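> So that we are looking at the same thing, I have put the structure below in structure tokens.
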Amino acid sequence: MDENTETMRPGDGPADRDDARPRQERHGRFLMILAFFALSVNMRAAITSLPPIIQELRALFDISGGFAGFLTSIPVLCFGLLTPLVGYCMKGIRLETSVFATLMGLVLGSVLRSTGGIGLAVAGTVVIGVSLTMGNIAALLVIGREFPQRIGAMTGLYVCGMSCGSMGTMALTAPLSHGLGWRYALAFPAALALVGLGLWLAVVVERRKAAWTDPRAAGDTPAQKTGPGASPAPSASVLRRPLVWLLSSSFAAHTFLFYGLTAWLPVYLEQTLSMTDARAGLVASLFQLLGLLGSFGLPLLAGTQRFADRGLFLVVTLAWLLTAAGFWLAPAWWVVWVLCGGVSSGGGFTVIFSMIMNHAKDLNENRSMSTVVQTAGYIVAAASPFAVGHLREVSGGWQSGMILLVCASVIMILCGLAATRPKNA
């Protein structure tokens, strides 16, 4: 053998690199799923950390029930009012950058909200709301870009993560407040956001490493194919589609129900069933946890081909109707109504946004449809915590607030049936 000939070491040849590439891709895919789940956990945790101790904050800051409801609804109001503006500002920004901005904003907002008086509490909640508005857009774009063949399953995972984050903060906020004080309890979501930041940083490092070691990988990654994570202004064609407005109305009713119950369920349980704040928070966390049944159960039903969109919509909307009517007429059966509400809270989001992604022609139309639905839906939903809290103060009971939620569920039934007619599909 010519002594100038180099001895080829294992792993140096093209075949070895090709063998290593699938392993690297599987590792990268798993890391992306983990990072996406961490993002979804953070998407509602900061919102649901407030209701379990809202009565304590009312006494501490001497605020009315209406203002307390407004404080809990600030993030939802941001979703409705700022989604088009935030989407426009995301134009030209990489999707990963939007995710980092979301998580860093949650850290900042959670710290601000827990370090001062009522002024900083409002300011921190606004920062949280703006950050989550960006995250709402970014998360759906991650699904469309990274998992185009698994939209239903990944939307279910997204709702699962939101349910887990909501459950965690609902269950832990009151005990943390008792043990460490309300400031530490309200700062807890910052820790969750820091975990998410670490995982997304790992995703970016992994992809840069893959691009460095194998230039072909850089050309294959979805991040390189799709470009920036922008959300352009909705096109006129999208605004003319009846399906978009029917889904917007359905989503408005769904979020009106969800945020109205999320904001006041712990207080309702304390005052109606004489539960302690810790137990009420635990039950409210169960409401969030049971969202997993809807977020994963409905995609499984859809996969059997026996349930079309209309059937799935009916499951969700009837469960919402039972929940609101049950809390109004038979609060002692709260276990049943929490179960129904959990299924509908997770299932409604999954069904509506799966329909958007399945009926959008491309990623840009996905963005436009999502922007319209979220804007219209969250503007309406922002009124729910305030309206339910105000009705409680005016009437002296919870019946009027629950009747309002019953009306919202009826609207969702009607709009859902119209949206799932064949001619709208």
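Backbone N, Cα and C define each Cβ position, glycine as well.
As annotated by TrEMBL, region 'Disordered' applies to 1-22, 215-236. The transmembrane segment feature in TrEMBL is assigned to 30-47, 67-88, 95-112, 118-143, 155-176, 182-205, 243-268, 280-300, 312-330, 336-357, 369-388, 400-419.
Tell me about the setting of these features in this model.
Sequence-distant contacts of the transmembrane segment (30-47) (same chain, at least 6 residues past either end, Cβ-Cβ under 8 Å): 72, 75-76, 99, 102-103, 106, 109-110, 128, 132, 135-136, 138-139, 142-143, 146, 154, 157-162, 164-166, 168-169, 189, 192-193, 195-196, 199-200, 202-203, 206, 262.
When Cβ-Cβ distances below 8 Å are used as the criterion, the transmembrane segment (67-88) is approached by residues 46-47, 50-51, 54, 57-58, 121-122, 125-126, 128-130, 132-134, 136-137, 230-234, 255, 259, 262-264, 367, 371, 374-390 of the same chain, each at least six residues removed from its ends.
With a cut-off of 8 Å between Cβ atoms, the residues of this chain six or more beyond the transmembrane segment (95-112) that come close are 39, 42, 46, 120, 123-132, 134-135, 137-138, 141-142, 145, 186-190, 192-194, 196-197, 200, 203-204, 223, 226, 228-229.
Outside the transmembrane segment (182-205) by six or more residues, the chain places 28, 31-32, 34-35, 38-39, 41-42, 45-46, 49-50, 53, 56-57, 60, 96, 99-100, 103-104, 106-107, 110-111, 113-115, 165, 168-169, 172-174, 176 with a CB less than 8 A from a CB of the stretch.
For the transmembrane segment (336-357), same-chain residues at least 6 beyond its ends with a Cβ under 8 Å from one of its own Cβ atoms are 140, 143-144, 151-152, 155-156, 159-160, 162-163, 243, 247, 250-251, 254, 257-258, 261, 283, 286-299, 302, 309, 312-313, 315-317, 319-320, 322-323, 326-327, 330, 366, 369-370, 373, 412, 419.
For the transmembrane segment (400-419), same-chain residues at least 6 beyond its ends with a Cβ under 8 Å from one of its own Cβ atoms are 243, 246-247, 249-250, 253-254, 256-257, 260-261, 264, 309-310, 313-314, 316-318, 320-321, 323-325, 327-328, 348, 355, 384, 387-389, 391-392, 394.
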